[in-house]
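Visitor: Pasting a structure below so you can have a look.
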2 protein chains.
Amino acid sequence: MTSTVEERLRFTGLQDKVMSADAAAALINNGDTLGLSGFTRAGDAKFVPHALVERAKGLEDFKVDVYTGASLGFDTDALMSDAGIVRKRLPFQVDRTMRGHINKGDVGFIDQHLSVTSEYLRQGAMKIDVAIIEATAITEDGYLIPTSSVGNSPIYVESADKVIIELNVAAPAELEGLHDIYVPEKQGERGPIPIMHANDRVGAKGIKLDMNKVVAIVVTEQEDSPSNIVPPDAETQQMANHLLDFFRKEIKEGRLTNTLAPLQSGIGSVANAVLAGMVDSEFEELEVYSEVLQDAVFELIDAGKVKSASCCSFTLSREKMDAVLPRIKEYADKLVLRPQDISNSPEVIRRLGLICMNTALEFDIYGNVNSTHVSGSKMMNGIGGSGDFARAGRLSIFVTKSVAKDGKISSIVPMVSHVDHTEHDVDVVVTEQGIADLRGLTPRERAALIIENCAHPMYKEALRNYFEEAKATVGGQTPHMLTKAFSFHNNLAEHGTMLP
Amino acid sequence: MTSTVEERLRFTGLQDKVMSADAAAALINNGDTLGLSGFTRAGDAKFVPHALVERAKGLEDFKVDVYTGASLGFDTDALMSDAGIVRKRLPFQVDRTMRGHINKGDVGFIDQHLSVTSEYLRQGAMKIDVAIIEATAITEDGYLIPTSSVGNSPIYVESADKVIIELNVAAPAELEGLHDIYVPEKQGERGPIPIMHANDRVGAKGIKLDMNKVVAIVVTEQEDSPSNIVPPDAETQQMANHLLDFFRKEIKEGRLTNTLAPLQSGIGSVANAVLAGMVDSEFEELEVYSEVLQDAVFELIDAGKVKSASCCSFTLSREKMDAVLPRIKEYADKLVLRPQDISNSPEVIRRLGLICMNTALEFDIYGNVNSTHVSGSKMMNGIGGSGDFARAGRLSIFVTKSVAKDGKISSIVPMVSHVDHTEHDVDVVVTEQGIADLRGLTPRERAALIIENCAHPMYKEALRNYFEEAKATVGGQTPHMLTKAFSFHNNLAEHGTMLP
């Protein structure tokens with residue numbers, strides 16, 4: 001798949017900027033804010049950050065702020081955080097090592113809705129010094145063609161004083177033509193985002209470069225880190241089935257047709273299993289409007305079930321990469337890659353009326369969702385785009401297994417230890433036990449339904465007891481006993497299990 | 001101001017539908033869902049709901065669901081809930097009596113973002129049986145002209161099987177021409193909402209009526225209940241001053257100009273004081289894009305400071321009503337009244353880049369905001385539109401006095417007892433003590449700043465102690481000790497004060 005540098009670097013006058021990753025890393029100053037390409041391991045800047053880690057080993061107190069699209073692959077977050085060079089990191093990460101540093105307080109992490117980073121930059125409330133962006137090509141007319149993700153790259157390039165490009169000759173040349181780079185003006189000066197269907201093309205083929213900003217081009221040859229999605233287990237499949245049954249019920253009641261509504265799904269095996277479950281189904285002419293496309297979307301496209309699919313990145317398993325990438329051109333009429341403020345735009349999400357499926361860490365009996373913090377304090381990954389979608393979508397669905405750690409942890413608790421999605425933004429919750437449709441229900445009605453339909457049998461009685469005692473002793477719109485609201489979590493901390 | 005019925009009821013063929021409120025109320029069936037006009041006491045259906053209360057006195061177990069724009073005036077919520085006829089109420093209320101019934105569990109209350117009620121109806125997830133809408137006029141070409149609010153009236157009329165109109169001859173005839181009724185199509189079938197400036201007119205002059213649905217016209221003559229806004233006290237004025245200084249700093253740093261950005265302000269005296277503080281200021285050519293306009297906006301218009309003002313209702317003091325209503329026509333080129341899914345549209349809010357000012361009940365050291373629940377259980381009013389604005393706006397600002405009840409309650413707590421706005425959606429918090437600009441800060445940095453700048457001196461040490469102990473013993477992204485997170489609230493419950 002590899003092409004020559006000449007085929008990729010087509011703009012005249014940049015050839016003298018080609019240099020090694022080490023030389024490019026030397027252009028980064030202590031204290032700089034870096035804007036990196038990369039979203040769910042896809043299309044990430046791979047070599048200059050690693051070279052920076054090496055360079056920093058000889059320097060004292062070298063620190064940078066690292067902004068990205070979302071998560072990086074290639075162990076970059078692990079290496080950077082272990083090297084101690086990251087002062088602040090935003091808006092999302094999933095790295096186990098970096099997570100450790102964040103929770104120790106070594107790395108400052110700002111957990112941000114994925115659609116808003118660009119707005120802070122556009123307003124001047126944040127600023128990028130150096131953008132480091134992976135590219136498929138630089139065109140003769142001066143566009144940077146991203147690779148397998150777009151992320152925040154357009155705004156990082158716009159905001160940056162210096163741009164370093166990782167020209168990845170291992171990225172399929174045929175990615176060129178898949179992107180649609182629509183960049184809103186400043187707030188107050190912009191018009192509507194004119195997207196009416198998932199595959200509407202409304203922008204440019206790539207990111208327009210100001211050549212005066214380009215300080216380095218590093219030629220690389222390295223595929224994305226494959227996704228590590230696990231195949232669905234029995235419980236994952238049960239959750240997927242509950243959701244498919246729910247869609248069928250919505251169709252029966254006339255609220256949806258068998259083309260459903262544009263689908264968004266967070267990363268993870270449940271979302272993948274739901275989509276995989278549509279391959280042999282009555283659902284057809286589907287639209288996908290999501291952040292990230294996983295394996296199942298390509299299976300659905302291959303099965304002729306998908307009319308159009310919009311994303312900000314695609315993240316595939318090793319196997320799927322080998323199957324899809326050589327023939328990525330065949331997907332070009334259906335597939336669009338967008339910046340994350342467009343893939344996650346509340347304007348477009350509400351207009352299209354998305355069905356949004358995201359994963360919860362825990363939810364409470366009233367339908368509040370914790371997506372991020374273990375026991376209220378420790379960061380797992382981040383809110384990602386779930387908040388963009390849950391508030392603006394047509395149907396906001398959260399999924400999680402009812403228990404974790406062999407039943408020692410109940411994912412349904414009296415009160416979540418951290419709130420990412422309030423009850424106002426949660427329409428449906430699903431576990432392998434069942435589904436609770438919360439629309440049109442008061443908090444007290446929600447509690448009764450969630451406990452009966454979604455909680456694991458071994459926790460039902462404790463949850464019922466909490467709810468009944470709270471109603472009897474405190475009452476209110478959302479009955480809570482603040483001295484016992486975290487009793488499940490406190491049991492876990494003291495006795496190693498949430499069970500009373 | 002009163003005109004004749006003939007001047008108001010101009011559509012031919014409806015005259016035989018004119019009847020008493022009692023006769024109209026008799027058309028409502030047990031179990032119906034009612035969609036009432038009314039938003040912040042303005043433009044509410046006043047007589048048919050009262051007649052229904054009277055009618056229900058002779059009936060057993062008569063219950064209806066009551067949907068509105070937002071709060072009602074004229075004691076309607078008190079009368080209905082005391083009469084026991086309300087099964088479910090949404091999306092907002094502010095009535096002390098109804099609040100009591102909600103917290104006892106007698107009235108089921110669904111606390112809903114004000115922009116989303118229409119979406120649930122349009123999807124078919126909810127349904128109106130009878131719409132009861134106050135009107136200024138019914139035009140010769142079949143439009144219902146609302147009065148001082150639009151609220152959810154367009155979608156209630158669209159969804160309803162029966163429409164009852166309260167034709168209020170005391171409403172200024174000159175209200176006709178102020179409204180702009182833009183009704184989106186269903187999700188997936190709609191285009192962009194083409195609003196680029198606060199006073200853009202993009203819809204119809206009124207609500208298009210299907211005359212077959214109109215079952216009753218009740219002629220009324222009753223002004224809106226005036227707002228009961230209190231004049232700013234010293235602390236309210238301090239908060240307003242902090243905010244005005246903050247805007248000046250944003251201008252100095254090049255992020256705003258002295259025309260600022262379109263302003264949204266929740267109802268209340270701080271918001272009013274901020275706007276009043278702009279009357280004699282360097283700010284000019286202001287735009288207002290808000291749910292409700294209070295007295296100060298009209299003072300700003302009179303002072304020549306406002307270029308345009310968009311709202312869903314206006315709610316004035318007795319004094320201001322007398323001053324403004326007789327010359328409401330003079331405001332017609334600046335003022336637009338819209339449906340609440342347009343005044344609160346995330347699409348428009350983000351496009352215009354609103355500066356959003358809303359009131360918190362309490363916020364925590366990490367910047368999470370509770371707008372609704374006293375001690376986590378008891379409903380105060382509801383989230384209203386604050387969530388629509390806080391998530392989508394340019395700057396999301398929350399204000400509250402640092403203490404309440406003579407210092408027995410701190411509005412800044414270790415962990416809020418209920419979350420309406422997560423830290424992701426809160427940019428700036430303000431008390432009379434000072435202001436904390438949270439943009440670009442990690443949770444730990446937020447905590448340090450909020451405690452120092454916003455907490456009352458008598459609570460600073462206890463908050464610092466909590467924060468330091470949580471960092472030392474638990475750590476994490478958002479250090480919390482779940483056994484002590486509600487210690488302030490538990491102190492209050494046990495000892496009548498949050499002070500340790």
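Positions of Cβ are set from backbone N, Cα and C atoms, glycine also.
Pulled from TrEMBL, these are the listed features:
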type	residues	note
ACT_SITE	A:E291	active site, 5-glutamyl coenzyme A thioester intermediate
BINDING	A:G266, A:I267, A:G268, A:S269, A:V270, A:N381, A:G385, A:K405	CoA binding site
DOMAIN	A:15-218	domain 'Acetyl-CoA hydrolase/transferase N-terminal'
DOMAIN	A:332-466	domain 'Acetyl-CoA hydrolase/transferase C-terminal'
Visitor: Find, for the listed binding-site residues A:G266, A:G268, A:G385, the residue with the lowest Cβ contact count at a 10 Å cut-off, counting only other Cβ atoms.
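Guide: Selected from the binding-site residues A:G266, A:G268, A:G385 on minimum Cβ neighbours within 10 Å: A:G268.
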Visitor: In three-state terms from DSSP, label A:V270 (CoA binding site) for me.
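Guide: Reduced to three states, the DSSP call for A:V270 (CoA binding site) is helix.
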Visitor: With Cβ-Cβ distance below 8 Å and at least 6 positions apart along the chain, what are the contacts of A:V270 (CoA binding site)? List them in sequence order.
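Guide: A:V270 (CoA binding site) has long-range Cβ partners A:P232, A:T236, A:M239, A:A240, A:M357, A:T359, A:V399.
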Visitor: Using a 10 Å cut-off on CB atoms, tell me which of the recorded positions A:I267, A:S269, A:E291 is the least crowded.
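Guide: Counting other Cβ atoms within 10 Å of each of the recorded positions A:I267, A:S269, A:E291, the minimum falls on A:S269.
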Visitor: Looking only at A:G266, A:I267, A:G268, A:S269, A:V270, A:N381, A:G385, A:K405, the residues listed as binding CoA, what is the longest Cα to Cα distance in Å?
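Guide: Roughly 26 Å, rounded to the nearest whole number.
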Visitor: If you count CB neighbours within 10 Å, which one among the binding-site residues A:N381, A:K405 has the smallest count?
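Guide: Looking at the binding-site residues A:N381, A:K405, the Cβ with the fewest others within 10 Å is that of A:K405.
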Visitor: Find the average pLDDT over the domain 'Acetyl-CoA hydrolase/transferase N-terminal' (A:15-218) in the predicted model and report it.
Guide: 97
Visitor: Count the residues of the domain 'Acetyl-CoA hydrolase/transferase C-terminal' (A:332-466) that DSSP assigns to helix (H, G, I), to strand (E, B) and to coil, and report the three numbers in that order.
Guide: 46 helix, 38 strand, 51 coil
Visitor: To the nearest Å, how far is the Cα of A:G385 (CoA binding site) from the Cα of A:E291 (active site, 5-glutamyl coenzyme A thioester intermediate)?
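Guide: That comes out at 7 Å between the alpha carbons.
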Visitor: Which ones are near the residue listed as 'active site, 5-glutamyl coenzyme A thioester intermediate': of the binding-site residues A:G268, A:S269, A:N381, which have a Cα within 10 Å?
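Guide: Near the residue listed as 'active site, 5-glutamyl coenzyme A thioester intermediate', where near means Cα within 10 Å, there are no binding-site residues at all.
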